[in-house]
């Protein structure tokens with residue numbers, strides 16, 4: 001299984017995160033990718049290549065052009081405005097406010113942000129582009145006939161919606177990969193999100209589309225980030241009616257329960273007729289993850305990989321979350337072992 005990985009992820013190295021009323025070192029940091037890369041190499045997945053550079057043709061089909069222009073220019077505009085720290089949103093277009101987009105950078109950050117823990121820092125745009133490129137190259141491998149590939153993306157992407165960033169995400173890598181597969185000739189693609197946190201950005205992008213089935217297994221949004229999407233009754237709209245499946249689960253969920261949701265989601269994906277599955281892989285379902293509340297163990301990730309691989313369709317694994325403990329590398333490697341058989 002080929003691994004696509006860009007060293008440019010290091011350009012995204014924010015120093016602050018708003019968490020629990022404090023500015024703390026971010027949970028989403030460069031060492032995450034280094035731990036994962038070392039572990040997958042040690043597990044034998046050592047065919048690691050850097051992605052090619054890609055333009056915006058594919059990403060413009062899933063993200064708003066104005067939003068992408070904002071991301072590209074935000075840091076320079078923030079500094080030009082005289083602000084000293086990293087760019088953190090402080091005001092938001094909440095209920096019953098104007099739909100107009102502000103012209104100044106402070107207002108625009110609030111307009112395009114869905115979660116204030118995520119600062120924009122130097123190199124954010126460049127790192128996001130490199131992460132997107134890893135997803136595109138992974139999709140190209142699947143389109144070329146590979147049975148599986150791993151896009152070791154950082155920063156992650158599944159909280160990035162059509163025109164919003166947050167949850168450490170800026171460009172939705174899984175969505176871009178799915179779009180790339182469609183552009184290469186596929187008619188139906190599934191995105192299976194196994195991160196602890198609901199893929200609200202991915203749902204936002206595909207909720208009214210009928211060519212991508214989105215399934216998400218996640219912590220109940222009544223008590224877990226991102227809070228405002230991810231309920232079971234959200235099943236799609238218009239052309240996308242019936243193409244979203246949410247599986248919210250409560251505190252302490254073990255694999256015995258989580259695995260039942262996985263099995264059901266794969267049945268739904270098979271009924272949809274997906275020609276490939278993009279797996280949004282977060283290992284923050286791990287029992288020791290510092291910002292989650294599921295109870296999966298390291299061996300469970302091998303079972304997870306085997307179960308997904310049993311679907312029989314090509315798999316592109318795209319890295320999402322998993323924080324704070326060295327076992328994130330082992331757990332990712334275990335998923336790949338399960339996929340590889």
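One-based numbering along the chain as shown.
Cβ coordinates are placed from backbone N, Cα and C, and glycine is handled just like the others.
Marked as substrate binding site by Swiss-Prot on the basis of experimental evidence: 19, 106, 117, 323. Sequence annotations record features per position, and here Swiss-Prot assigns active site, proton donor/acceptor to 159 based on a curator's inference. Per Swiss-Prot, Zn(2+) binding site is recorded for 195, 197, 284.
Structural mapping of features recorded in Swiss-Prot.
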residue	record	contacts (Cβ under 8 Å, 6+ apart)
19	substrate binding site	27, 117
106	substrate binding site	81, 83, 90, 91
159	active site, proton donor/acceptor	114, 115, 165, 166, 167, 168, 169, 197, 199, 200, 201, 226
195	Zn(2+) binding site	158, 216, 218, 280, 281, 282, 284, 285, 320, 321
323	substrate binding site	27, 28, 32, 284, 289, 290, 291, 292
Site with most surrounding Cβ atoms, counting all protein chains shown within 10 Å, from the binding-site residues 117, 284: 284
Extra residues within 8 Å (Cβ to Cβ centroid of 195, 197, 284), Zn(2+): 196, 218, 219, 282, 285, 292, 320, 321, 322
Reduced DSSP assignment, residue 106 (substrate binding site): helix
Packing count at residue 197 (Zn(2+) binding site) (other Cβ atoms within 10 Å of its Cβ): 28
